[in-house]
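Participant: One structure follows; several queries about it will come next.
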Amino acid sequence: MAHRTSSITSFIITMVLLGTICDAQLLSTFYDNTCPNALSTIRTVIRSAVSKERRMAASLIRLHFHDCFVQGCDASILLDDSSSIESEKTAIQNVNSVRGFNVIDLAKSEVEKVCPGVVSCADIVAVAARDASFAVGGPSWTVKLGRRDSTTASKSQATSDLPLFTDDLDTLISRFDKKGLTARDMVTLSGAHTIGQAQCFTFRDRIYNNGSNIDAGFASTRRRGCPSLRNDANDKKLAALDLVTPNSFDNNYFKNLIQKKGLLQSDQVLFNGGSTDSIVSEYSKNPTTFKSDFAAAMIKMGDIEPLTGSAGIIRKICSSIN
């Protein structure tokens with residue numbers, strides 16, 4: 001009898017553990033029954049936003065990236081300052097730089113109309129990145145869903161963990177490695193810069209220092225749009241990270257690096273005699289490989305420390321836990 005009781009107890013414990021494991025899994029079909037129109041609703045908002053402003057595609061991909069690198073993919077980046085929260089939006093890597101919050105807010109509002117209290121802000125950010133990529137000719141991928149929203153933010157972790165435009169190659173590799181991403185993942189995800197823009201203050205030193213790893217003609221062209229005088233107006237002047245096809249998701253970013261035409265220091269270090277040169281060369285020659293690797297890397301990034309099951313909450317408004 002004691003043996004039978006022990007077996008039953010073991011069975012119950014096993015089932016509880018299995019249930020916990022299942023709770024922790026992200027599934028592409030997560031909302032199929034609870035909110036079947038969630039993905040189409042988000043897609044409509046993202047398509048509209050990108051059609052109005054092409055740059056928004058890069059911003060939404062970057063927003064997902066900056067969310068996942070701090071506390072995992074939990075929508076913590078969307079939280080505003082409050083009595084209990086120091087917003088990640090004010091970290092040096094985010095302030096006056098990360099954008100797209102209004103688009104996520106609109107997507108959340110539209111989803112709330114069709115199924116209130118069901119879809120997390122974290123999932124909306126993940127889906128928006130995929131839809132933004134596809135809207136500008138980039139790859140699509142199956143987004144795994146079921147993330148829940150954080151009730152906290154971490155400006156300190158944003159400041160310590162997010163990449164800086166001044167990072168060298170070893171630092172970049174280390175930052176990605178801490179999140180379970182390889183050097184190849186890092187190069188692949190950097191390829192999103194093919195549709196991105198940067199503010200003058202982030203590349204001014206690079207284009208005015210006449211360094212050996214920047215094409216002289218490229219630097220001269222870039223100086224025309226980024227005056228050497230440092231002031232608020234000049235610092236905020238924007239330039240496309242890819243001069244050739246700034247509005248298309250392609251592999252020109254990697255071709256530019258080989259020609260020493262990376263706009264940011266953290267771009268050019270990917271092809272500067274280091275360990276990632278071969279990856280850049282591969283992507284410069286094979287856009288199909290780049291796109292398929294990018295989709296895989298985005299799925300992998302979306303798996304970083306999600307809150308699932310009974311953890312976290314479903315926020316009604318993405319900028320607040322109230």
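Note that Cβ sites are derived from N, Cα and C of the backbone, with glycine treated the same way.
Nobody curates TrEMBL annotations by hand; they come from automatic prediction.
Feature annotation from TrEMBL assigns active site, proton acceptor to His66. Residues or ranges marked as Ca(2+) 1 binding site by TrEMBL: Asp67, Val70, Gly72, Asp74, Ser76, Glu88. According to TrEMBL, the feature substrate binding site maps to Pro163. Taken from TrEMBL, the feature heme b binding site covers His193. What TrEMBL records for Thr194, Asp242, Thr245, Asp250 is Ca(2+) 2 binding site. Annotation source TrEMBL lists disulfide bond at Cys35-Cys115, Cys68-Cys73, Cys121-Cys318, Cys200-Cys226. Residues or ranges marked as domain 'Plant heme peroxidase family profile' in TrEMBL: 25-322. The annotation signal peptide is assigned in TrEMBL to 1-24. What TrEMBL lists as site 'Transition state stabilizer' is Arg62.
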Participant: Do any residues at least six apart in sequence from Glu88 (Ca(2+) 1 binding site), in the same chain, have a Cβ closer than 8 Å to its Cβ, and if so which, in order?
Facilitator: His66, Val70, Ser76, Ile77, Leu79, Asn94, Ala153, Ser154, Lys155, Gln157, Ala158
Participant: Which chain neighbours of the Ca(2+) 2 site, leaving out Thr194, Asp242, Thr245, Asp250, have a Cβ atom within 8 Å of the mean position of the site's Cβ atoms?
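Facilitator: Not counting the recorded site residues, we get Ile195, Val244, Pro246, Ser248, Phe249, Asn251, Asn252, Tyr253.
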Participant: 10 Å Cβ neighbour count around Ser76 (Ca(2+) 1 binding site)?
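Facilitator: Taking every protein chain into account, the count is 28.
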Participant: May I have the list of same-chain residues other than Asp67, Val70, Gly72, Asp74, Ser76, Glu88 whose Cβ is within 8 Å of the Cβ centroid of the recorded Ca(2+) 1 site, in sequence order?
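Facilitator: Apart from Asp67, Val70, Gly72, Asp74, Ser76, Glu88, the close residues are His66, Cys68, Phe69, Gln71, Cys73, Ala75, Ile77, Ser150, Ala153, Ser154, Ala158.
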Participant: Here are the binding-site residues: Thr194, Thr245. Which has the lowest count of other Cβ atoms within 10 Å?
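Facilitator: Counting other Cβ atoms within 10 Å of each of the binding-site residues Thr194, Thr245, the minimum falls on Thr245.
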Participant: Return the residues near Asp74 (Ca(2+) 1 binding site) by Cβ distance under 8 Å, restricted to its own chain and a separation of at least 6 in sequence.
Facilitator: Asp67, Ala122, Arg147, Arg148, Asp149, Ser150, Glu305, Pro306, Leu307, Gly312
Participant: Nearest to Thr194 (Ca(2+) 2 binding site) by Cα, among Cys35, Arg62, Cys68, Cys121, Pro163 (recorded positions)?
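Facilitator: Closest by Cα distance to Thr194 (Ca(2+) 2 binding site) among the recorded positions Cys35, Arg62, Cys68, Cys121, Pro163: Arg62.
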Participant: Roughly how many angstrom lie between the C-alpha atoms of Cys318 (disulfide bond) and Asp242 (Ca(2+) 2 binding site)?
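Facilitator: Cys318 (disulfide bond) to Asp242 (Ca(2+) 2 binding site), Cα-Cα distance: 32 Å.
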